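Novice: Have a look at this one.
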Amino acid sequence: MDEKSSTKKGPEFCSLRYGLAFIMHFSNFTMITQRVSLSIAIIAMVNSTQLHGLPNASTEGPLADTVNNPSRSMKEFYNKASVYEWSPETQGIIFSSISYGIIVTLIPSGYLAGIFGAKQMLGAGLLISSLLTLFTPLAADFGVILVIVIRTIQGMAQGMAWTGQFTIWAKWAPPLERSKLTSIAGSGAAFGSFIILCVGGLISQALGWPFIFYIFGSIGCVCCLLWFTVIYDDPMHHPCISVQEKKYIVASLAQQSSSPRRSVPIKAMVRCLPLWAIFTGFFSHFWLCTIIITYLPTYISSVLHVNIRDSGVLSSLPFIAASSCTILGGQLADFLLSRNLLRLVTVRKLFSSLGLLLPSLCAVALPFVASSYVTTIILLILIPGTSNLCDSGFIINTLDVAPRYASFLMGISRGFGLIAGIISSTATGFLISQDSVSGWRNVFFLSAAVNMFGMFFYITFGQAEIQDWAKEKTLTRL
């Protein structure tokens, strides 16, 4: 009785751990908007997109509109003064440079976050990314090389921020609330994609494309101030946490080791099939997600033949669905666990299976409903929405199997995901360049096959118990 009373939960949504989740939601929102900002701004930055009449290009010339509407002189000053002759190949290098930067820092930043503290790692990454976002318009005037360098460093900074989050959750998230807390935090990325796709073009039209970087870079700086002020690495040292909440978190994590680690058991990790199940899940999940994020505007324009304004709105809808499904999935997963309706491993495999199977079915169906506008849009919305159910599955599974190394393993997992994204983007570009109709069909069929492989591998080898090599070694003194 005493033990149960001491571990009684405090209020949830008024608690500090949920406040941390919402601040991390804001951080993820900020980072994804900074990452996608260039994809929106480059339409106005690169004059060749207008000259070649690409689907995402505006049909209105800045100089002509200045004559018709002199009141927009400030906006047109930016548009006229900031047009760059970047080829499609150069644009591709610029876009991919941030991914290479993220890959470089994913693994080392995850390891260092566990040693020096995730608060400093994540905060520093967010601050660097925000400052570089503010500097991007000026860098573009100095040349494309500087833009590529800045985007690469920005990717390295964001890689530090992404992986550091799981070190914090290893100390703040009670096992029965992990899905809820991490889904609230992770949904910030999907919500950020929705916002930047909705308002990015409007900002560019109203103020000029540099203000896309100025606005979201400034938001990132505000988020940094909030982060360094409110966030602490663990509940034991937070000055504002209630005694009841602190006791509940500490008691719920009592079975997890909390001692600092001196080395990483690489050999044991390589031989661990449950880890490879997680890595395979990440690879499969990011394969299709990257295609949707990268090629969704192109697919909508080429298949549905809509204008740029409608394309921007339609491209944003799947991400608000993804954000909603992420939060709802986390709530449902923790409900099943708290009521003892399903075991932890069953919940992880159930949500992983749904997050890989359902979007695969939607992707396979897309080529057969291309003639139906409404059905196509519904399926495109469902793909990222259902795919984000994985956030309550293998995405957070490292917190179950190896909480001591969660941040380090998350870095490796995201590395597998980024590699999948690079391969899938390249393969998609090659397939649709051969023939649009058959190319898109092959893209979706291949994505479904990759997802099915990941699903069956995870169902077969996935686990939710702390692995022996991840447990704290107890020394007995004689």
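Cβ from N, Cα, C; glycine included.
Unlike curated entries, TrEMBL annotations are predicted automatically.
Not my notes, these are from TrEMBL:
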DOMAIN    41-466  domain 'Major facilitator superfamily (MFS) profile'
TRANSMEM  98-118  transmembrane segment
TRANSMEM  124-150  transmembrane segment
TRANSMEM  181-203  transmembrane segment
TRANSMEM  209-232  transmembrane segment
TRANSMEM  272-296  transmembrane segment
TRANSMEM  316-338  transmembrane segment
TRANSMEM  350-370  transmembrane segment
TRANSMEM  376-396  transmembrane segment
TRANSMEM  408-432  transmembrane segment
TRANSMEM  444-461  transmembrane segment
Novice: Can you work out whether the transmembrane segment (272-296) touches the transmembrane segment (350-370), with the criterion being 3+ CB pairs under 8 Å where the paired residues are 6 or more apart along the chain?
Specialist: yes
Novice: Quick one: find which recorded stretch in 98-118, 316-338, 350-370, 408-432, 444-461 has the most Cβ pairs under 8 Å with the transmembrane segment (181-203).
Specialist: 316-338
Novice: Mind checking which residues of the chain, 6+ beyond the ends of the transmembrane segment (316-338), have their Cβ under 8 Å from one of its Cβ atoms?
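Specialist: Residues 175-184, 186-188, 190-191, 193-195, 197-198, 292, 296, 344, 347, 351, 355, 377, 380-389, 391-392.
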Novice: Which whole number is the mean pLDDT over the domain 'Major facilitator superfamily (MFS) profile' (41-466)?
Specialist: 82
Novice: Determine which residues of the chain contact the transmembrane segment (98-118) at the Cβ level, with the cut-off under 8 Å and only residues 6 or more beyond its ends counted.
Specialist: 35, 125, 151-160, 162-168, 233, 260-261, 264, 404-405, 407-412, 414-415, 418-419, 421-422
Novice: In the same chain, who gets a Cβ under 8 Å from the transmembrane segment (444-461) while lying at least 6 residues past its ends?
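Specialist: Answer is 273-274, 276-278, 280-281, 283-285, 287-288, 291, 349, 352-353, 356-357, 359-361, 363-364, 366-367, 393-394, 420, 424, 427, 431.
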